[in-house]
Amino acid sequence: MAAPPRITFVTGNAKKLEEVVAILRGSPLSIASRKLDLPELQGEPEDIAREKCRLAAQAANGAVICEDTLLCFNALRGLPGPYIKWFLAKLGHDGLNKMLAAYDDKTAYAQCLFALCAGPGKPVRLFDGRTHGSIVPPRGDNQFGWDPVFEPTESGGLTYAEMAVCDKNAISHRGRALTQLRDWLLANEDTFRAEMSRQ
Ligand SMILES: O=c1nc[nH]c2c1ncn2[C@H]1C[C@H](O)[C@@H](COP(=O)(O)OP(=O)(O)OP(=O)(O)O)O1
Ligand SMILES: [Mg+2]
């Protein structure tokens with residue numbers, strides 16, 4: 001059997017990479033990584049993810065995956081969404097809670113959009129994973145982004161930051177999106193290889 005196609009995960013975030021490696025452990029995919037903080041468009045999540053992946057394929061000059069993570073507050077109609085990185089950096093965990101002080105509805109969902117592309121100029125495919133939950137005062141100390149303030153509905157009352165890594169990955173936005181990507185690649189390896197080799 002041919003070796004699996006070599007794909008580069010382009011991200012500036014070491015914690016994302018750790019989770020991706022853990023989630024893909026045991027699957028016959030060959031993922032390298034490249035640390036690059038790509039520019040991100042403003043607008044609809046799908047457009048942001050596609051454009052980032054297009055730039056990643058150019059930068060790596062080959063097959064890439066990249067991903068965008070959103071944290072969407074239902075009371076705020078999905079905001080901060082793709083801009084959560086900057087809200088978290090400026091306001092912290094406490095500020096994220098205070099943003100919802102005026103609303104009874106503290107529910108939110110975490111969304112991950114994985115994007116896959118066989119090379120520069122090739123089509124970009126998206127895989128969408130979501131986990132529903134609510135925004136709570138920070139608990140747990142895994143030091144990954146907004147994990148301490150997100151309590152998934154299906155965690156039995158734990159925040160992401162209080163969960164064991166494997167338990168988070170089993171229900172997380174990232175786990176769900178990446179599982180879809182992996183299954184698509186395993187089922188469509190020939191198509192993807194043909195795209196990789198076509199000039
Ligand atoms: O599972 C997660 N649990 C908690 N926090 C998380 C998670 N996943 C991403 N995050 C944070 C990182 C960043 O503050 C924002 C997403 O922004 P996002 O642009 O997708 O990530 P990034 O710029 O850190 O890495 P990249 O180079 O792949 O774009 O949410
Ligand atoms: Mg980013």
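Think of each number as a place in line: the chain as shown, counted from 1.
For all residues, glycine too, the Cβ spot is worked out from N, Cα and C.
Feature annotations, courtesy of TrEMBL:
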- 11-16, Lys52, 68-69, 144-147, Lys168, 173-174: ITP binding site (BINDING)
- Glu40, Asp68: Mg(2+) binding site (BINDING)
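Annotated features taken from TrEMBL, shown on the structure.
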{"residue": "Thr11", "record": "ITP binding site", "Cβ contacts under 8 Å, 6 or more apart": "Leu17, Ser33, Arg34, Lys35, Leu36, Cys66, Glu67"}
{"residue": "Asn13", "record": "ITP binding site", "Cβ contacts under 8 Å, 6 or more apart": "none"}
{"residue": "Lys15", "record": "ITP binding site", "Cβ contacts under 8 Å, 6 or more apart": "Gln143, Phe144, Gly145"}
{"residue": "Glu40", "record": "Mg(2+) binding site", "Cβ contacts under 8 Å, 6 or more apart": "Ile48, Glu51, Lys52, Asp68, Pro82"}
{"residue": "Thr69", "record": "ITP binding site", "Cβ contacts under 8 Å, 6 or more apart": "Lys16, Ile84, Ala110, Gln111, Cys112, Gly145, His173, Arg174"}
{"residue": "Asp147", "record": "ITP binding site", "Cβ contacts under 8 Å, 6 or more apart": "Gly140, Thr159, Tyr160, Ala161, Lys168"}
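Of all the binding-site residues listed (Lys52, His173), Lys52 has the fewest other CB atoms within 10 A of its CB. Checked against ligand 1, the binding-site residues Lys15, Lys52, Gly145, His173 give Gly145 as the ones with a Cβ under 6 Å from it, listed in sequence order.
In three-state terms derived from DSSP, Glu40 (Mg(2+) binding site) belongs to neither a helical nor a strand segment and is classed as coil. Asp147 (ITP binding site) falls within a helix when secondary structure is assigned with DSSP.
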